[in-house]
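Note sheet for the following structure.
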Amino acid sequence: MNRGRSMATPGEQCAGLRVWNQTEQEPAAYHLLSLCFVRAASSWVPPMYLWVLGPIYLLYIHRHGRCYLRMSHLFKTKMVLGLALILLYTFNVAVPLWRIHQGVPQAPELLIHPTVWLTTMSFATFLIHMERRKGVRSSGVLFGYWLLCCILPGINTVQQASAGNFRQEPLHHLATYLCLSLVVAELVLSCLVDQPPFFSEDSQPLNPCPEAEASFPSKAMFWWASGLLWRGYKKLLGPKDLWSLGRENSSEELVSQLEREWRRSCNGLPGHKGHSSVGAPETEAFLQPERSQRGPLLRAIWRVFRSTFLLGTLSLVISDAFRFAVPKLLSLFLEFMGDRNSSAWTGWLLAVLMFAAACLQTLFEQQHMYRAKVLQMRLRTAITGLVYRKVLVLSSGSRKSSAAGDVVNLVSVDIQRLAESIIYLNGLWLLFLWIFVCFVYLWQLLGPSALTAVAVFLSLLPLNFFITKKRGFHQEEQMRQKASRARLTSSMLRTVRTIKSHGWEHAFLERLLHIRGQELSALKTSTLLFSVSLVSFQVSTFLVALVVFAVHTLVAEDNAMDAEKAFVTLTVLSILNKAQAFLPFSVHCIVQARVSFDRLAAFLCLEEVDPNGMIASNSRRSSKDRISVHNGTFAWSQESPPCLHGINLTVPQGCLLAVVGPVGAGKSSLLSALLGELLKVEGSVSIEGSVAYVPQEAWVQNTSVVENVCFRQELDLPWLQKVLDACALGSDVASFPAGVHTPIGEQGMNLSGGQKQRLSLARAVYKKAAIYLLDDPLAALDAHVSQQVFKQVIGPSGLLQGTTRILVTHTLHVLPQADRILVLANGTIAEMGSYQDLLQRNGALVGLLDGARQPAGTHDAATSDDLGGFPGGGRPTCRPDRPRPTEAAPVKGRSTSEVQMEASLDDPEATGLTAEEDSVRYGRVKTTIYLSYLRAVGTPLCTYTLFLFLCQQVASFSQGYWLSLWADDPVVDGRQMHAALRGWVFGLLGCLQAIGLFASMAAVFLGGARASGLLFRSLLWDVARSPIGFFERTPVGNLLNRFSKETDTVDVDIPDKLRSLLTYAFGLLEVGLAVTMATPLAIVAILPLMVLYAGFQSLYVATSCQLRRLESARYSSVCSHMAETFQGSLVVRAFRAQASFTAQHDALMDENQRVSFPKLVADRWLATNLELLGNGLVFVAATCAVLSKAHLSAGLVGFSVSAALQVTQTLQWVVRSWTDLENSMVAVERVQDYARIPKEAPWRLPTCAAQPLWPCGGQIEFRDFGLRHRPELPLAVQGVSLKIHAGEKVGIVGRTGAGKSSLAWGLLRLQEAAEGNIWIDGVPITHVGLHTLRSRITIIPQDPVLFPGSLRMNLDLLQEHTDEGIWAALETVQLKAFVTSLPGQLQYECAGQGDDLSVGQKQLLCLARALLRKTQILILDEATASVDPGTEMQMQAALERWFTQCTVLLIAHRLRSVMDCARVLVMDEGQVAESGSPAQLLAQKGLFYRLAHESGLA
């Protein structure tokens, strides 16, 4: 009979239908595979593959096609090769037809096979053409087809040639080789990428992601990312090295899609009217939602991301199919090893199939993980953008129900939890399928004995849930202590000036360390329970196996234990164990994600600003009225009562309307109503023209001065200079280190309160708006600056003349210059008219003026512009040799400051920055950091831990080896003689492993807790001992990051990563030992694999560490921008800057994604390549076993191969654990950063020059005293020599930046003297410890400070006084009745920093605290500047009663406060300009007289 005529045509007819034909005699010993099997597979598998997937693929590219590709040389070559294959197969079809026509009988298969291949090749060529039409540059379907066409027919061709079948027909021989060559060429070409489309929709980015240019094999194994990993290995990665973000991953695209679907889902909600209208009660509305609102958000997310999720799910299902194929193949392989008569080709085939199944499982699983991680990234981006856009439209009522920290918590915690849950969603149903398949496998292997596995498995589940519940209780306790510690640490760092001024560091350190001790105690208990949980997970496979083996061997009739039963059971139980551990974890993560999802949905449903609350127009109509309110009634939210009633108001063009009234009258609410921020109950509001708004509490961004003022408008340099000079900022900016490019820090930390308010005013003025709404912008300015700003900006001749201005003010002396005055009382308009008209009416305005009880022109609520100036208090930025101008006239021509500003604009880096940026670490972590951590753990404990890990791994190895010996025991009459002994020893080894595992893990966690405690104590001590200048240069956020995030990393992450690294590393050694012991020949292949492993590890670790650090830094900027926008959303809306802020947020998110995407790709690159290496180790173990079959037992082979099967995960987790550990070790490095900074003087001196009762008199003497706030700055105080007598009351006055507060700082040694010294009662203060000095002086600052804790703790931090003494002090400051009315009285818990108390009440409590100290020296640093006149009178009365015999230094802006002082010091440019009694200084008509004249006192 004629032989086959095609590449797939059989060389001879098969004997029957069995492809595993063992009756057919093999032609030669070197034939490894059954010819019948190979012929069948090569004939039908490739065509079936393409006809199943081809139509689906064709439909997909038809729906998702892009622009067609160029007719490139690659495409032409593919088509030519395809047509050549069609011609060859046409020839193969024609030959049998011609022979039939000639009367030569032909077997049907000789015609069917070539015909099938002809149609299949035609279809493949058609797909090549359609791919070009639809823009497909690399095809996975065709790559798989050509690969199958190469492998299966290739094997058939080799066997046909080796059997000599081609010698009979040379022509067929040549045709077959030609076909195979063409297919190989097609395979090679499918590994290449075609040219980009003709008309690309997207512009080409600078550094495009190479994924688009990658071939299918490169995409499957993530080789396209190798370039970035190589760059990261060779050098430090920078922003230019990161790939540009594709449009499909950009914030603009993702957020717009989700927002569109979210609005669509919300349209169906009852009561929805185009914007969210869910009420916002005055509670944590979105933290504890009363009803679930997740439905619309869930539908929106599903519509946007379902295709990506479903494709990833399909990859996971296929991966699991191959996962369960491996145990079946292992079973067949061990059966082959146990059968000495089996053919060699069976072993080779099974080894190849195990390797192929493991590789396919790896590739599909990693594709699932890749898509899941990309989906996580996209979901996080989309929901974060949705939350940000919601922040920009939140109503005032909704904002009151939340805080910036809550929103940041949504972004950093809840969105992260929701994104992470994507991976676990499929676990809710797929794990049950795992469990079912595992039990089916066990039943096939062990029969009814497998039911015991069910019993043990079910009994372990309650144990895990119990441990999880108990651990959760201790974790909650740890979180409570951590929250308490965080609150106290934050309060301590934000009020460090007050703490150091009073010498309270020890008290706070003791409180913090006590809380820290409780936190670590809960952490230790939690980690010990975690160790038990981990041991139960690790040992559960052993427990189930022990019970199953014992029942099977001791109860069942056929109780022989062989290698197949033993090691296949262990492999299946390993899969079952993963399901057992993963299931509760998945449920826990999904439950947490559900809570977070509810919080997010509730937040997104909060009440928004009513778009119909105000009718705004930029058109200029004929009406002269810019603002019109008709019968307006407004409320903060739907639940709250109206705050404004019956408002009827019209403001014409160019009018200056002053709004006054008592506290709580509704002045700020009126401005909010005009801005559309309040809920309009009835009436109408109309505004014609653009609006600029200045809030009462200045809001500034963490950017430069020029960016704050320009506020996303084009830079107009002359106008900018004019605005800065008019707002009294010109000289300030000129003295800043980097001029207008000087960063002002987080929340304006580098500026004083007055500077921030003037910057806020400058921002509004720069806009050139038609309407200005000014909410008491003069309150934070001293009298002189207030007058200057009003005259040059707000007043009739200021920059805003001709615009419509509504000025809310408590500065009553400006009222005569207002065009109209509106007096509010209890939310209604009491009266309105000109100043003279209202005086004649003798109404509400006259009552306000009489109630002020101060001369006209006195500033009523000024706050110090001196404390906290840039960069530290005392305004060091104003140089002493530059006199501060008393009036800033409009600039003509090019002034010096304008030239300086222009120079700074040209070179923003010329003078450097002031605040210390939180640095991003680059490169590898130094060895010294690891050694410092290990020293904190303790050398003995480290050695003991390594010994325990070694012992438990020896027990694990012995357990597997003993099981192999058990499986190899001879079977006599269906039984093994020593089965009982084998079982007892197997159980004993498992118990020893469990004990060693628990002990080793507990040692790691307890050692980590010990190291964390020591490192935290060291960090706390280093920060507490730092001088005040360190806190002025270092943002509070940086410090809090060390005490929160970095400390948490040291607490939890480092011990866990170290435990993981040691576990996997020792496990990897066990696998290597098992494989080499069973087949020593494997060492030849293992060594090259280890070289590749080391190479992958080096590339990954170097790059991943850098990417993770960059990602952390980028994401923190997103959170900071979110919090900043939340705090200033009212200003953003008033300036109509929502679009630019949204664009900035999207840009920040995109920058974060530019780091996140390479990071997740690098993770997949590592996992794929290391798992493929692990699969290679399995293949090596199996092939070596086949080669050494003659002298290897099945039990030893099972031990070796089953151990190798577990190494695929172990390889990548060793590297990941090492990388995670290195990333976490950065926290140790950052925690130790502050150990090297200079420390302040000792708190206590062993030989102190002061007596126990020092100072007994209170005499203070300055001798040539000079002080500078930073080494590079000029002297803020210089050449001060004066003596203050005991018991003398001295006032200290001067303009802003004159050095008033600097004298107090020098007296308390908050800043050390640059020259000279200060003596108190004849003792130099440098000879006294800081705490000794500061505890003997009392200072009452301008800003009252309270701390989290009870009222009693706030009054007596050192616990030195009795309750009776505290009540007496409270009675003196007239707060006894108030405190008595509080719940708990002295034990009343203050919220935050006394947020539930008024400013006046907090200041009186600070005064009571000062009374309890009973020191001889008292410093009042503008202590009454921010309180109302009534509170000021109370404070003055208490001071006169308690401090009559004390030396009092009264620092004041308001000269009225120092008129009763015995002596007044007038500071000017850091020197004492004048000194004498108030009457003498007024008579001299010098600087004091000019200040008094400006304040209306002379």
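Just so you know, glycine gets a Cβ as well, placed from its N, Cα and C.
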Q: Given the candidates N21, N249, N631, specify the residue that Swiss-Prot annotates with N-linked glycosylation site.
A: N21
Q) According to Swiss-Prot, which residue out of N341, N702 bears the annotation N-linked glycosylation site? A) N341
Q. Per Swiss-Prot, is L242 on the side of the membrane where S574 is?
A. no
Q: Only counting partners 6 or more residues apart, tell me which same-chain residues put their Cβ under 8 Å from the Cβ of S1281 (phosphoserine).
A: F1262, R1263, D1264, F1265, G1316
Q: Mark yes when the transmembrane segment (348-368) and the transmembrane segment (935-955) have three or more Cβ pairs under 8 Å (sequence separation 6 or more) and no when they do not.
A: no
(Q) Within a 10 Å radius around the Cβ, which one of these recorded positions has the most neighbouring Cβ atoms: N341, T1296, S1301? (A) S1301
Q | DSSP-derived helix, strand and coil totals, residue by residue, for the topological domain 'Extracellular' (100-104) | A | 2 helix, 0 strand, 3 coil
Q) How big is the Cα-to-Cα gap, in Å, between R1295 (ATP 2 binding site) and N341 (N-linked glycosylation site)? A) 105
Q: Six or more residues out from either end of the transmembrane segment (174-194), which same-chain residues have a Cβ under 8 Å from its Cβ atoms?
A: 5-7, 69-70, 72, 74-75, 77-78, 81-82, 84-85, 88-89, 91-92, 132, 137-139, 142-143, 146-147, 149-150, 153-154, 157, 160, 166, 213-217
Q. Do the transmembrane segment (38-58) and the transmembrane segment (1079-1099) share at least 3 Cβ pairs under 8 Å, sequence separation 6 or more?
A. no
Q: Look up K1300 (ATP 2 binding site) in the DSSP assignment and reduce it to helix, strand or coil.
A: helix
Q: Round to a whole number and give the Cα-to-Cα distance in Å for the pair T1296 (ATP 2 binding site) and N341 (N-linked glycosylation site).
A: 101
(Q) What residues elsewhere in the chain lie close to the transmembrane segment (79-99), defined as a C-beta under 8 angstroms and at least 6 residues from its ends? (A) 2, 5-6, 9, 106, 110-111, 114-115, 117-118, 121-122, 124-125, 128-129, 175, 178-179, 182-183, 185-186, 189
Q: For the transmembrane segment (138-155), could you work out the same-chain residues 6 or more beyond its ends whose Cβ comes under 8 Å from its Cβ atoms?
A: 7-8, 33, 38, 41-42, 45-46, 49-50, 53-54, 57, 124, 127-128, 131, 179-180, 183-184, 186-187, 190-194, 214-217, 219-220
Q: Compute the C-alpha separation of K1300 (ATP 2 binding site) from N341 (N-linked glycosylation site), stating it in Å without decimals.
A: 102
